[in-house]
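Student: The structure that follows is given in the form of structure tokens.
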Amino acid sequence: MSDPVIGIIGGSGLYAVAGLEGAGWRDVDTPFGAPSDALFEGRMNGMRMVFLPRHGRGHRHTPSSIPYRANIAAMKAAGVTHLVSVSACGSFRDAMAPGDFVIVDQFIDRTFARDKSFFGPGLVAHVSVAHPVCPALSAACAAAARAGGARVHEGGTYLAMEGPQFSTLAESRLYRDWGCDVIGMTNMPEAKLAREAELHYASVAMITDYDSWHPDHGSVQIDEILKTLHGNAELATAMVAALPSHVSGGGCAEGCDRALEHAVLTAPDARDPGMVERLRGIAGRVL
Ligand SMILES: CSC[C@H]1O[C@H](OP(=O)(O)O)[C@H](O)[C@@H]1O
Ligand SMILES: Nc1ncnc2[nH]cnc12
């Protein structure tokens with residue numbers, strides 16, 4: 001069994017991680033273009049860790065312009081096995097308050113202006129995302145977040161919207177009626193791509209606001225979000241430091257690391273050689 005390598009994709013408010021030993025930034029490129037930024041690589045409590053700020057340092061990428069495929073391909077090429085997404089989000093539930101963490105276990109994908117798959121014409125594959133997160137890694141994140149002092153809700157449905165504008169009041173009420181718990185703009189297609197890349201993936205959503213549905217809180221405003229982000233980032237930093245004590249290598253009940261086992265449909269002699277070459281780093285195990 002190979003040693004786990006933890007990847008962290010930091011969202012709004014989390015542009016660096018503290019405490020990585022021997023760490024440095026490394027510029028990388030992928031067959032899907034450059035990722036959002038260089039990779040920050042080092043060791044946390046002896047375990048290899050790779051950090052990538054999703055919007056880039058200085059927050060240069062919009063949710064729609066983030067190079068999701070390059071980000072996941074860069075993590076995979078860096079040897080990451082366990083990928084933790086950290087995101088800011090709005091809440092649809094009274095009980096999920098600003099400052100709380102939600103360990104997301106389901107998504108509704110309402111994004112429409114993003115590349116959603118590594119595969120395509122000449123190399124077709126269909127993976128299951130019925131259970132889109134890794135249960136073992138999610139449990140590890142919950143334990144690490146609690147150890148870092150966060151109030152944690154295990155399980156929650158994340159509505160991924162295109163943005164960059166926040167939702168209208170009608171949309172906010174609709175998503176709440178659909179049974180969604182939190183809303184953000186970035187976890188899709190990230191989670192789908194992580195599954196295609198056979199990575200264990202977990203999503204830690206840090207609540208910054210009540211979106212716009214809440215009668216006592218009015219419309220979501222970015223200045224309110226920014227006030228909450230600072231405290232959330234400190235809790236996230238503590239969670240990241242605690243993660244190596246809770247992550248172990250090997251498989252999981254979902255079989256994240258075998259997701260492509262029967263997924264490729266294109267017959268070997270019908271495959272586009274250029275696509276096969278491009279997908280080598282993602283799907284080489286089954287090609
Ligand atoms: C800071 S408000 C909106 C912005 O924050 C979230 O980003 P991320 O998921 O990367 O933390 C949200 O999805 C929006 O992109
Ligand atoms: N209310 C909200 N909607 C979408 N993305 C968010 N990120 C933080 N709060 C959000």
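The count begins at 1 with the first shown residue.
Keep in mind that glycine also has a Cβ here, set from the backbone N, Cα and C atoms.
Remember, it's a predicted structure, so these values are computed and weren't measured experimentally.
According to TrEMBL, the protein carries these features:
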| type | residues | note |
| --- | --- | --- |
| DOMAIN | 6-242 | domain 'Nucleoside phosphorylase' |
| BINDING | S12, R54, H55, S87, A88, T186 | phosphate binding site |
| SITE | S167 | site 'Important for substrate specificity' |
| BINDING | M185, D209, Y210, D211 | substrate binding site |
| SITE | I222 | site 'Important for substrate specificity' |
Student: Taking Cα-Cα distance, which of the recorded positions S12, H55, A88, S167 are within 10 Å of D209 (substrate binding site)?
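Tutor: Neighbours among recorded positions, in sequence order: A88.
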Student: Measuring CB to CB from A88 (phosphate binding site), give everything in the same chain under 8 Å that is also at least six residues away in sequence.
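Tutor: Correct list: G11, S12, G13, G184, A205, M206, T208, I225, L229, N232.
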Student: For S167 (site 'Important for substrate specificity'), which of these binding-site residues sit within 10 Å, Cα to Cα: R54, H55, Y210, D211?
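Tutor: Neighbours among binding-site residues, in sequence order: D211.
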Student: Among S87, D209, D211, I222, the recorded positions in the record, which have a C-beta under 6 A from ligand 2?
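Tutor: The ones that qualify, in sequence order, are D209, D211.
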Student: For the domain 'Nucleoside phosphorylase' (6-242), would you mind checking the mean pLDDT of the predicted model?
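Tutor: On average, pLDDT over the domain 'Nucleoside phosphorylase' (6-242) sits at 97.
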Student: Anything within 10 Å of M185 (substrate binding site)? Look among the recorded positions R54, H55, S87, I222, comparing CA atoms, and list what you find.
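Tutor: Among R54, H55, S87, I222, the ones whose Cα sits within 10 Å of that of M185 (substrate binding site) are S87.
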Student: Long-range same-chain neighbours of I222 (site 'Important for substrate specificity'), Cβ under 8 Å, sequence gap at least 6?
Tutor: none
Student: Do any residues at least six apart in sequence from H55 (phosphate binding site), in the same chain, have a Cβ closer than 8 Å to its Cβ, and if so which, in order?
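Tutor: For H55 (phosphate binding site), the qualifying residues are G11, S12, Y15, S36, H61, T62, I66.
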Student: Within 10 Å of each Cβ, count the other Cβ atoms, then let me know which of the recorded positions S12, S87, S167, T186 comes out lowest.
Tutor: S167
